[in-house]
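Got a structure for you, written out below as structure tokens; questions coming shortly.
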Amino acid sequence: MSAPFTIAIDGPAAAGKGTISKAVAAHFQMAHLDTGLLYRAVGAKVLQGADAVAAARSLVPSDLEDDTLRGQDVAQAASQVAVIGEVRAALLEFQRSFARRAGGAVLDGRDIGTVICPGAEAKLFVTASAEVRAKRRYDELVQRGQTADLDEVTADVKARDARDMARSEAPLKPADDAVLIDTSNQTIDEAVAAAIAAVNAKKG
Ligand code: CDP
Ligand code: CDP
């Protein structure tokens, strides 16, 4: 595939967007952008005392490589800066130009199919029950050797989803033409196969 072809993958926290996006990008030999990292990088700078809008306007690629971005505190800070319209505006053009690169691109986030790339050739909305998603995020934290409490992680995930769905700027919701993939009872391989089939259907 050499012409631009954008695959938009949205959904709530820990639904499997990143895992599916990486596998889909590898399958179709496309570039992949985890747009959550942009908001996490801004959130991390705010936790260090920076102004959110200034941080979003001055982000550089190396800001996305910080290991501490995966933490729960950074995730909450990310969803707090993500309600600010000027923060979203500052990050828009980078995402749009990434999406149109030759060879195609997979972007995952919350508003890719609705706001960033409303004309994306394929749109997926990946979801799973809140309990399943919280357990997955909890297992990840434990595997990384971090102390975690399942009730706290569940509350955290639910609070972030609620904030992401309720905000006025680019709220989390499926695009009208998105294919829904519920991964609650799917293995990773099954979810990836469903995503690849949905993209192939759009490629005709
Ligand atoms: O990117 P997002 O936050 O939506 O989720 P992720 O980081 O791709 O997935 C969260 C966790 O769920 C990872 O540890 C995945 O391995 C796991 N997962 C799973 O167990 N079953 C799936 N069908 C998809 C993801
Ligand atoms: O990996 P997980 O799904 O838990 O979160 P993430 O994708 O890294 O996103 C972190 C936060 O950034 C989300 O809770 C959203 O508030 C925000 N975000 C957004 O507003 N728009 C995007 N396109 C991606 C993330």
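Each position is counted from 1, following the chain as shown.
Quick reminder: no glycine exception, Cβ is built from N, Cα and C everywhere.
Sharing the record's features from TrEMBL:
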DOMAIN    7-199  domain 'Cytidylate kinase'
BINDING   Gly11, Pro12, Ala13, Ala14, Ala15, Gly16, Lys17, Gly18, Thr19  ATP binding site
Based on Cβ atoms within 10 Å, give me the single least packed residue among the binding-site residues Gly11, Ala13, Ala15, Lys17, Thr19.
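Looking at the binding-site residues Gly11, Ala13, Ala15, Lys17, Thr19, the Cβ with the fewest others within 10 Å is that of Thr19.
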For the ATP site (Gly11, Pro12, Ala13, Ala14, Ala15, Gly16, Lys17, Gly18, Thr19), what does the 8 A shell look like? I mean other same-chain residues with CB within 8 A of the CB centroid.
Ile20, Asp108, Val126, Thr127, Ala128, Arg133, Thr183
Please state whether DSSP places Gly11 (ATP binding site) in a helix, a strand or coil.
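Going by the DSSP assignment, Gly11 (ATP binding site) belongs to neither helix nor strand, so it counts as coil.
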On the 0 to 100 pLDDT scale, where does the domain 'Cytidylate kinase' (7-199) sit on average?
97
